[in-house]
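Following: one structure in structure tokens, then a few remarks.
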């Protein structure tokens, strides 16, 4: 006669099996490190900088920062991506044609991030302003053509609400957006815009970007203000880091503006915790961290 197992014992064994499965499936880190791409000064790499506001925003969301330098070879960027848990492509002013510059580095980062995603590796990439524009440009078969972006006016130093598309929650970026933050983003001028180029809603990018929100420029033309590609790769045309950390310009530094801005870097760090990329040891990690600069 087969031995009998009580319902209590069966429940205990089922719990153990579930825990074992979760331990096998869930991989991640509680000590995420985010890379921030440097930006050339006067379009003359390797002379470069990283605005402190990006570093502060990432750290405020619970991650450490590694600067990603310009004028390096592809192996350098691949090595860093394999060691980091996510990357920010920040805003600024860079030429797409500058050899060894921002766009060249962004291409290495974008291409390798997509390769990892195709292999099932959860690696988040957030493009902010110029970073989003770079992602759009790099998404066309003919990199750096003049047709991806369109000039737009009236968007230098203006804060706007977001006009979400109907399916905006069908995305990694907004699926868990709290209702109160959605209301702030919809109804208040809390997204800081500083750009002269736009991705238009009718722009057919080669890659299948999901356009999530739109806004209107000074000429009454629509432009895309947030978008996402195949999981945790997202672009936002505005600057969430300015609300709390840049005071030379006047932005939405009131309470609701700060709450809304936090969502985007919080999202990046939450997604970054879902992979287990790391440096080979603490000594190598310490050598790359931004505390050395």
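Positions of Cβ are set from backbone N, Cα and C atoms, glycine also.
Note that TrEMBL annotation is computational and uncurated.
The feature signal peptide is assigned by TrEMBL to 1-28.
Summarising the annotation, TrEMBL assigns domain 'Glutamine amidotransferase' to 57-246.
According to TrEMBL, the active site, nucleophile annotation covers 129. DSSP gives residue 129 (active site, nucleophile) a coil state; it is part of no helix or strand. Proximity of residue 129 (active site, nucleophile) to non-local residues of its own chain (separation of 6 or more, Cβ distance below 8 Å) is seen for 90, 91, 92, 194, 195, 236, 237, 238, 239, given in sequence order.
Taken from TrEMBL, the feature active site covers 239. The local packing around residue 239 (active site), expressed as other Cβ atoms within 10 Å of its Cβ over all shown chains, amounts to 27.
According to TrEMBL, the feature active site, proton donor maps to 239. In the three-state DSSP scheme, residue 239 (active site) falls into the coil class.
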Subject >> Averaged pLDDT score, the domain 'Glutamine amidotransferase' (57-246) >> reply: 93
